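Below is one structure; the comments refer to it alone.
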Amino acid sequence: MVSIPSQDGLKICCIGAGYVGGPTMSMIALKCPEVQVKIVDISAARIDAWNSDNLPIYEPGLHKVVTACRGKNLFFSTDIDEAIQEADIIFVAVNTPTKKVGIGAGRASDLTYWELAARRIAQVAETPKIVVEKSTVPIKTAEAISAVLHGAGKTRFDVLSNPEFLAEGTAITDLDNPDRVLIGGQLDESGQKAMDTLADVYAHWVPRDRILLTNVWSSELSKLVANSFLAQRVSSINAISAVCEASGADVDEVARAVGMDTRIGPKFLKASVGFGGSCFQKDILNLVYLCESFGLPEVAHYFHQVVHMNDYQKERFVGRIIHGLYNTVTGKKIALLGFAFKKDTGDTRESASIDVCRRLIEEKAQVAIYDPKVEEEQVWMDLTYACKMDKTEVQKYVTLCPDALTACKDAHAMAVATEWDEFKELDFHQVYDTMTKPSFVFDGRNILDHATLREIGFVVYAIGKPLDPKLSTA
Ligand SMILES: NC(=O)C1=CN([C@@H]2O[C@H](COP(=O)(O)OP(=O)(O)OC[C@H]3O[C@@H](n4cnc5c(N)ncnc54)[C@H](O)[C@@H]3O)[C@@H](O)[C@H]2O)C=CC1
Ligand SMILES: O=C(O)[C@H]1O[C@H](OP(=O)(O)OP(=O)(O)OC[C@H]2O[C@@H](n3ccc(=O)[nH]c3=O)[C@H](O)[C@@H]2O)[C@H](O)[C@@H](O)[C@@H]1O
């Protein structure tokens, strides 16, 4: 058994109580009972929710971890200055969205929140701190942050990069058993000491050989590369799904055969309506922007294609619905099952459902949405933004339903956009009886039993599967 140096009295603070800050810090608190962990945020509503029974994010297993530590060595607060002053290690897990305006708009990372957090730290810190980049940031951000921190000239800061690799919906198991923990730092004595201190925190539960120490730039770049490679796999199999439909091959069979090659591996080869989530597109675009800035247009173009392919896949899915419904969906009711970007999360950021819904609204369809976890207000926010309409206008086309059966009642078609397990358990005989005839199913996740659906009487389209002869494609 490897011994871990005692970290009794160590104080950790995390700025940003979101999808990353909340779960990662809760796991540290759980695994390191002698360490005090304080998570702070500018949003009082978010902090109130973390202090309540109704946590601000849905993540399987999270509630149990939070309630085991909260009030003991895990605290949520809006007192950012106090938390900074007390802490030995300050994680920064604020949002780093794609820039909407200015130089690099639509591609580069918007580091406004990061810089504000860094300036706050520089202003109030009085004793040396280890500042950890937890947010995903462009390469060389640590250098800029270090300049901001040291600008105040009050104390010493060691800036580390420690990107997070958790996936939503499986955050707790990912954190409990990570493939690796990556820590990048300056390779001088102080930087090495800071890296060792952080490594000792993780060593409470992560085997040492899975804690990788490297230089800052490699660490920052590795995070963008990991997400770009993952997204690239999804776009690759989605591209092949179009070839399968054109040729009569079955994408799941192809993925199985290809994935059994141990050099390729079986994960992330599930064809879908398109990837979503707050990070894949943002991080690829960030990599594209960096490549352009480094004068590497061919590399930029190569990775940009991953995003283009994703847009193509979403549009292809909508096209199948429109052509399948005899070239018009105007006034037709479409049940959209799932609004989250994947199952087991209530997160809708960049969800394929948003684009599918926007396109159906443009075609003047009546869309009935059901998702087991997404908050109603979130759907309205997403759709008003995506469609550039006000809520009343969106509501002329969209209704939100309490369950899948209600969404499907009188619908011409059902479109599955999120792979929630409960959609597999629906009583499809009952669903069929309530739908307009002919009744269509568009399975954007390939989770349903298509043969049984066809036996019941549905006309079925599934991503990358041989086309149903009854499906109109003209
Ligand atoms: N969502 C995910 O699954 C993953 C996200 N990441 C990265 O982690 C970072 C955070 O992502 P999320 O947690 O999803 O974002 P989020 O939007 O859920 O949370 C960010 C939080 O930071 C707070 N905040 C912003 N500026 C602040 C400031 N100056 N002081 C105090 N609080 C401030 C916001 O109020 C918000 O609650 C991003 O860079 C993202 O790319 C990395 C791995 C996984
Ligand atoms: O930086 C981040 O934010 C995180 O991004 C992803 O995690 P996440 O977006 O939460 O979820 P994924 O499981 O990666 O799924 C992303 C999207 O791809 C889709 N997907 C995934 C896998 C697949 O085979 N097919 C497919 O369509 C999912 O449905 C989802 O829409 C990465 O998996 C995490 O390692 C990373 O930390």
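Note: Cβ is positioned from N, Cα and C throughout, glycine not excepted.
No curator has checked TrEMBL annotations; they are predicted automatically.
Bear in mind that the values here come from a model prediction, so they are computed numbers and not experimental data.
Look at TrEMBL and you will find 16-21, Asp41, Arg46, 94-98, 135-136, Glu168, 279-282, Arg349 tagged as NAD(+) binding site. Positions annotated as substrate binding site by TrEMBL: 164-168, 223-227, Arg263, 270-276, 341-342, Arg445. Annotated active site, nucleophile per TrEMBL: Cys279, in sequence order. Taken from TrEMBL, the feature domain 'UDP-glucose/GDP-mannose dehydrogenase C-terminal' covers 335-450.
Locations of recorded TrEMBL features on the structure.
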| residue | record | Cβ neighbours (10 Å) |
| --- | --- | --- |
| Asp41 | NAD(+) binding site | 23 |
| Asn95 | NAD(+) binding site | 18 |
| Thr98 | NAD(+) binding site | 19 |
| Glu164 | substrate binding site | 24 |
| Ala167 | substrate binding site | 15 |
| Leu224 | substrate binding site | 24 |
| Ala271 | substrate binding site | 26 |
| Gly274 | substrate binding site | 29 |
| Cys279 | active site, nucleophile | 25 |
| Gln281 | NAD(+) binding site | 21 |
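The Cβ neighbour count for Gly16 (NAD(+) binding site), using a 10 Å radius and every protein chain shown, is 26.
Across all of the domain 'UDP-glucose/GDP-mannose dehydrogenase C-terminal' (335-450), the predicted model scores a mean pLDDT of 98. Under DSSP, Thr98 (NAD(+) binding site) is assigned to a strand (E or B) in the three-state scheme. Taking the Cα atom of each, the residue listed as 'active site, nucleophile' and Asn227 (substrate binding site) are about 8 angstrom apart. Looking at Leu224 (substrate binding site) and Thr98 (NAD(+) binding site), their Cα atoms lie 13 Å from each other.
Taking Cα separation as the measure, Glu164 (substrate binding site) is nearest to Gly16 of the binding-site residues Gly16, Asp41, Gln281. Take the CB of Asn227 (substrate binding site) and look out to 10 A: across all protein chains shown you find 22 other CB atoms. Candidate binding-site residues: Asp41, Leu224, Gly274. Not one of them has a Cβ under 6 Å from ligand 2. Cα proximity to Gln281 (NAD(+) binding site) (within 10 Å) is found for the following binding-site residues from Ala167, Asn227, Ala271, Gly274, Phe341: Asn227. A Cβ distance below 6 Å to any atom of ligand 1 is met, among the binding-site residues Thr98, Glu164, Glu168, Ala271, Gln281, by Glu164, Glu168. Cα distances from Ala167 (substrate binding site) to the binding-site residues Tyr19, Asn95, Thr98 are smallest for Tyr19. Each residue contributes its Cα atom, and for Gly274 (substrate binding site) and Glu168 (NAD(+) binding site) these two points are 16 Å apart. Comparing Asp41 (NAD(+) binding site) with Asn227 (substrate binding site), their Cα atoms are 26 Å apart once rounded.
Here Glu168 (NAD(+) binding site) comes close to Tyr19, Glu59, Gly277, Phe341, Lys342, Asp344, Thr345, Asp347: these same-chain residues lie at least six apart in sequence, with C-beta atoms under 8 angstroms from its C-beta.
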